[in-house]
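Notes follow the structure.
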Amino acid sequence: MNHLPEDMENALTGSQSSHASLRDVHSINPTQLMARIESYEGREKKGISDVRRTFCLFVTFDLLFVTLLWIIELNVNGGIESTLEKEVVQYDYYSSYFDIFLLAVFRFKVLILAYAVCRLRHWWAIALTTAVTSAFLLAKVILSKLFSQGAFGYVLPIISFILAWIETWFLDFKVLPQEAEEENRLLIVQDASERAALIPGGLSDGQFYSPPESEAGSEEEAEEKQDSEKPLLDL
């Protein structure tokens, strides 16, 4: 006998939860869903997301910054024309900064081609450029004589190394996860719109309305009052 009220309570709770879920599904506004889908599709039509555009701008900044530092180094060491001929025409791996500039050009071309033109959604391109940059700079710092040529012997390799790793971090922790999250949101919204379209339009919350429960003992009290009033009426 004690288990009966608990079973009834569970049944009532289950029915209320099912009614609530039906109301939640039916409360989806198709207009809002279509607006969200159109907004996501509009972002897709842009061709490139905002965070990917920021990444491409940073890659461009990498190239321009390294180029600026190299031009300053050319001016400091005796003029652009003479130093340019010495570092480019008479290239020497142990004393020239021209290869560090070419390394920045290599990073720019590969990353822009992969993530702006081809819109790649994988990390292999940034892994390639960062691995090549790190290996080349470490070998150049160990084998060359850059440290004996002043401050630029320290600045250019360190700046190039740091920028390459910042690009890797930005793509791996910002660009790819955010774009994957946007795709998941689009799939969820599309799935919700399809489910809302399958629900008949004639349903309303009134169909799931249940009348309030009567107070316990109210019927018994009414019967007792009627029984007590009958003798008075007979008199």
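Glycine too: its Cβ is placed from the backbone N, Cα and C atoms.
According to TrEMBL:
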- 1-21: region 'Disordered' (REGION)
- 48-218: domain 'MENTAL' (DOMAIN)
- 55-76: transmembrane segment (TRANSMEM)
- 96-116: transmembrane segment (TRANSMEM)
- 123-143: transmembrane segment (TRANSMEM)
- 149-166: transmembrane segment (TRANSMEM)
- 200-235: region 'Disordered' (REGION)
- 225-235: compositional bias 'Basic and acidic residues' (COMPBIAS)
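When each of the listed stretches 55-76, 96-116, 149-166 is scored by C-beta pairs under 8 angstroms to the transmembrane segment (123-143), 96-116 comes out highest. With a threshold of 8 Å between CB atoms, the same-chain residues lying at least 6 positions outside the transmembrane segment (149-166) that come near it are 58, 62, 65-66, 69-70, 72-73, 76-77, 95, 97, 100, 103-104, 107, 129-130, 133-134, 137, 140-141. Away from its own ends, the transmembrane segment (96-116) comes close to residues 48, 52, 55-56, 59-60, 62-63, 66-67, 70, 73, 86-88, 125-126, 128-129, 132-133, 136-137, 140, 146, 152, 156-157, 160, 164, 167, 171, 175 of its chain (Cβ-Cβ under 8 Å, at least six residues beyond either end). The average pLDDT for the domain 'MENTAL' (48-218) in the predicted structure is 86.
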